Amino acid sequence: MPSFCGFLSKVMFTLLLVWSVPLRSSPCQRVRRDDVSCDRRAGCVDGAILASVRPRVTGALGVSILSLAARWRAEEPCDGSFRDGGQQRLVGRERESCVVASQLTRSCALASMSLVLDKYDVMDEEQSMKYFSFFFGLSQFFGGLAVLLVAIWMGSYGGGFGWTESPEQQFHYHPLFMVIGLIFLYGEAMMVYRVFRHERKKFTKLLHVVIHSMIFVFFVVALKAVFDSHNLNVDASGQPAPIPNLYSTHSWVGFTTVILFCMQYVCGFVSFFFPGLSLGVRQWYLPIHQLAGMVIFVMAVMSALMGLSERAAWHNTCWTKEKRFCGEQGVTNMLGVSILLYAICVIFLVANPRWRRRSLPEEESLQPLTAD
């Protein structure tokens with residue numbers, strides 16, 4: 001039983017690894033172009049052969065076995081310390097290429113095991129684009145619906161919008177601008193490199209920066225609105241009655257999200273846009289930037305859903321006091337569901353390695369770091 005549990009844990013770990021590792025076609029292609037001919041009897045790994053394998057196995061077991069086998073093969077040496085005790089050694093360019101092939105074997109094998117995403121084995125490019133267009137259309141529908149619903153909720157049921165002369169109406173800018181900025185526009189910025197993956201990198205990068213700059217403006221105004229609504233609050237007699245700031249779980253998670261967004265914005269701007277750091281630093285930071293972006297987006301969605309529940313519990317008295325369902329509560333619930341479905345579509349489109357941006361032919365020689 002312990003050995004079976006250990007094997008099962010390896011299977012689950014391998015599945016997570018296959019999905020989470022950023023897949024790149026260029027390493028495998030480089031191995032093929034090298035035309036390496038390693039001595040398989042000596043234990044060396046022919047990266048070109050392994051990278052070209054298109055597994056047609058079904059289920060987690062076949063994928064895991066192949067991945068573990070690839071890892072075992074990648075550990076075999078190319079320096080003459082062979083399993084069969086042979087003394088033959090590879091020299092010159094053949095040995096160097098074999099070492100490179102060994103190092104790339106694991107990543108190439110993982111790339112070849114993307115079963116659902118393999119255009120040769122599962123679907124062609126036209127089918128892939130249909131799926132992409134379908135889910136992208138869903139994301140735009142739910143994202144636009146979320147913006148519309150929050151505008152209706154704050155504009156119609158909340159009594160409209162105002163500024164410092166009316167703290168309650170000023171607060172209404174907070175959910176509106178947060179949904180527009182940290183939910184809808186954030187998701188759009190993440191999908192820039194998917195929707196425009198065939199455009200020049202300069203265009204997609206500039207658009208990515210512009211949208212994030214818009215997000216910054218939106219959430220700054222939203223934060224001012226909520227802090228003013230608390231600090232300028234008055235009681236029924238018109239006397240100042242400030243509400244404490246940052247006391248709820250929603251505010252803690254939301255403020256943490258804002259801080260992380262600012263850090264992500266500064267680091268990304270300096271690393272990739274201006275002035276731009278060295279290639280090695282960018283290559284090291286890129287996967288961190290990508291992962292952090294998705295984490296911040298998920299945190300923003302969590303914070304928004306907590307804020308909706310908090311606001312509904314305080315102000316939607318039809319269900320908290322009158323014990324009935326009303327139109328305002330229906331709008332609130334639909335808003336929460338729309339935000340959640342929008343986030344699911346965005347994460348699916350962004351996390352799917354098949355729809356990643358690929359380097360254009362003219363970018364291969366000009367910009368080594370062209371994948372988003």
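Backbone N, Cα and C atoms are what each Cβ position is placed from, and that goes for glycine too.
Here TrEMBL flags 138-351 as domain 'Cytochrome b561'. When pLDDT values are averaged over the domain 'Cytochrome b561' (138-351), the model yields 93.
The annotation transmembrane segment is assigned in TrEMBL to 6-23 (among others).
Summarising the annotation, TrEMBL assigns transmembrane segment to 131-153 (among others).
The transmembrane segment annotation in TrEMBL covers 173-194 (among others).
Using a Cβ-Cβ cut-off under 8 Å and counting only residues 6 or more beyond its ends in the same chain, the transmembrane segment (206-227) has close neighbours at 170-178, 180-182, 185-186, 188-189, 192-193, 196, 245, 258, 261-262, 265, 268-269, 273. Among the features that TrEMBL reports, transmembrane segment is placed at 206-227 (among others).
The annotation transmembrane segment is assigned in TrEMBL to 252-279 (among others).
The annotation transmembrane segment is assigned in TrEMBL to 291-309 (among others). Long-range Cβ contacts of the transmembrane segment (291-309) within its own chain (Cβ-Cβ under 8 Å, at least 6 residues beyond either end) map to 175, 178-179, 182-183, 186-187, 190, 248-250, 253-254, 256-257, 260-261, 264, 332, 335-336, 339-340, 343, 346-347, 350-351.
Summarising the annotation, TrEMBL assigns transmembrane segment to 329-351 (among others). Counting residues 6+ beyond its ends, the transmembrane segment (329-351) has Cβ neighbours under 8 Å at 19, 132, 135-136, 138-139, 142-143, 145-146, 149-150, 152-153, 157, 179, 183-184, 187, 190-191, 194, 294, 297-298, 301, 304-305, 308-309, 311-312, 316, 318-319 in the same chain.
Within the same chain, residues 178, 182, 205, 209, 212, 215-216, 219, 223, 246, 285, 289, 292-293, 295-296, 299-300, 302-303, 306-307, 368-369 sit at least 6 positions outside the transmembrane segment (252-279) and bring their C-beta atoms closer than 8 Å to a C-beta of that stretch.
Away from its own ends, the transmembrane segment (173-194) comes close to residues 132, 136, 139, 143-144, 146-147, 150-151, 153-154, 161, 204, 207-208, 211-212, 214-219, 221-223, 225-226, 229, 254, 257-258, 261, 293-294, 296-297, 300-301, 304, 307-308, 311, 335, 339, 342-343, 346, 349-350, 355-357, 372 of its chain (Cβ-Cβ under 8 Å, at least six residues beyond either end).
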